[in-house]
Amino acid sequence: MSEVPSAFFSSPAAGGIVLIIASAAAIIVANSPLREGYEVFLKYNAAGLSVEHWINDALMAVFFMMVGLEIKRELLTGQLATWGQRALPGFAALGGMAVPAAIYVWFNAGSDETLAGWAIPAATDIAFALGVLALLGSRVPASLKIFLSALAILDDMGAVAIIALFYTSNISFLMLAGAAVTVALLFIMNRAGITRLFPYLLAGGVLWFFMLQSGVHATIAGILLALFIPLRVTDPDKQSPLARLEHGINPWVTFLILPLFGFANAGVALSGMTADDLMSPVPVGVALGLFVGKQAGIFGLSLLAVSLGLAKRPEKSTWLQVYGVSVLCGIGFTMSLFIGNLAFAESPLLVDEVKVGVLAGSVLAALAGMLILRFSPSHPSR
């Protein structure tokens with residue numbers, strides 16, 4: 001019997017399934033008599049921060065560190081190590097961010113307040129999207145899984161840049177200076193060849209504190225720390241510090257941090273919303289940005305890049321399969337909810353509207369993408 005849970009947790013789809021369960025639980029609780037207790041729990045103050053802030057500002061910094069480790073590994077030695085490998089996912093990521101943002105802006109052009117959410121539909125949830133692909137098994141060629149992974153990594157890079165550049169407020173230059181000194185220390189440690197993880201993690205904790213107090217979102221500390229974790233070691237028989245850290249935190253991020261984030265952020269009280277709320281510019285812009293904008297931007301620029309000879313279609317794939325993956329990328333969830341919380345931090349109603357839009361767009365994208373890939377021909381036409 002013990003083999004069953006072991007097989008489940010080692011499955012590529014496991015993380016997405018656990019995240020779905022946690023998010024569904026949040027929606028159920030938020031629309032039940034337990035709602036008040038749920039809200040009290042999230043607002044409970046512990047060591048100066050609410051539980052919700054500890055999850056979104058501290059635990060999610062660990063998630064962003066894992067994203068940063070993956071980005072560094074793929075850029076230096078993996079699927080994005082050469083310009084040729086970066087071409088198709090690069091064009092696709094560009095279209096997959098620009099078109100959803102444009103659709104959102106089109107629906108919200110009349111309001112300066114809601115325009116702040118333009119980046120919400122620009123992100124892809126790699127855990128969900130790869131989880132759906134895993135459910136389809138061998139029907140999807142390995143090249144498409146690599147394409148989706150590379151695209152999502154570049155998407156994450158764009159989302160991180162957006163958070164750092166556009167969702168900061170009340171900058172404390174003193175704290176920012178402290179963060180800069182800490183980054184310089186990390187650089188020196190890296191150049192000095194220090195391979196023990198503890199000094200890096202200790203400096204990372206200090207960096208997180210400075211970022212939290214600076215006005216730049218604290219999760220950026222996770223990305224910055226990841227950039228300085230050594231990838232290469234002199235002894236080829238030894239695992240690199242980056243690989244050790246990535247393998248060490250992956251299960252915690254997948255099965256604890258992201259489900260906690262989903263439970264803390266997906267709970268929306270639908271009973272308190274009117275039809276006008278559900279069809280207002282924010283949820284409609286987010287949902288259509290994810291479901292329509294993602295597939296149009298990713299597939300459109302992929303087709304254009306291949307047609308112009310700037311990139312190559314993934315091996316052993318059909319254009320219909322590429323389109324199916326483009327639709328799947330409309331699963332925004334984690335990063336979209338995260339950006340929504342930043343964009344509308346002072347407006348709980350707008351945050352709830354974002355949740356509705358993200359859930360609607362992501363569910364449509366998951367179902368449509370899975371159906372397209374399930375029934376698409378598995379061999380490219382000649």
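We count from 1, first residue shown onward.
Placement of Cβ uses the backbone N, Cα and C atoms for every residue, glycine included.
Feature annotations, courtesy of Swiss-Prot:
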- 8-28: transmembrane segment (TRANSMEM)
- 49-69: transmembrane segment (TRANSMEM)
- 87-107: transmembrane segment (TRANSMEM)
- 115-135: transmembrane segment (TRANSMEM)
- 146-166: transmembrane segment (TRANSMEM)
- 169-189: transmembrane segment (TRANSMEM)
- 209-229: transmembrane segment (TRANSMEM)
- 252-272: transmembrane segment (TRANSMEM)
- 286-306: transmembrane segment (TRANSMEM)
- 325-345: transmembrane segment (TRANSMEM)
- 353-373: transmembrane segment (TRANSMEM)
For the transmembrane segment (209-229) and the transmembrane segment (146-166), decide whether they are in contact, meaning at least 3 CB pairs lie under 8 A, counting pairs 6 or more apart in sequence.
yes
Where else in the chain does the transmembrane segment (325-345) make close Cβ contacts, counting only residues six or more beyond its ends and a cut-off under 8 Å?
19, 23, 56, 60, 63, 92, 96, 116-117, 119-125, 127-129, 132-133, 140, 144, 147-148, 151-152, 155-156, 159, 162-163, 167, 217, 258, 261-262, 265-266, 286, 290-291, 293-295, 298-299, 302, 351, 354-355, 358, 361-362, 364-366, 368-370, 372-373
Where among 49-69, 87-107, 146-166, 169-189, 353-373 do we find the most Cβ pairs under 8 Å to the transmembrane segment (115-135)?
146-166
Between the transmembrane segment (252-272) and the stretches 49-69, 87-107, 146-166, 169-189, 353-373, work out which stretch tops the count of Cβ pairs under 8 Å.
49-69
Should anything in the same chain at least six residues away from the transmembrane segment (49-69) have a Cβ under 8 Å from its Cβ atoms, list it; otherwise answer none.
41-43, 153, 156, 160, 204, 208, 212, 217-227, 229, 242, 245-246, 249-250, 252-253, 257-258, 260-261, 264-265, 334, 338, 341
Contact set, same chain, for the transmembrane segment (169-189): CB under 8 Å, 6 or more residues outside the stretch:
199-200, 203-204, 206-207, 210-211, 213-216, 221, 224-225, 227-228
Which residues of the same chain, at least 6 past either end of the transmembrane segment (87-107), have a Cβ under 8 Å from a Cβ in it?
80, 115, 117-124, 147, 150-151, 153-155, 158, 281, 284-286, 288-290, 292-294, 296-302, 304-306, 310-314, 326, 329
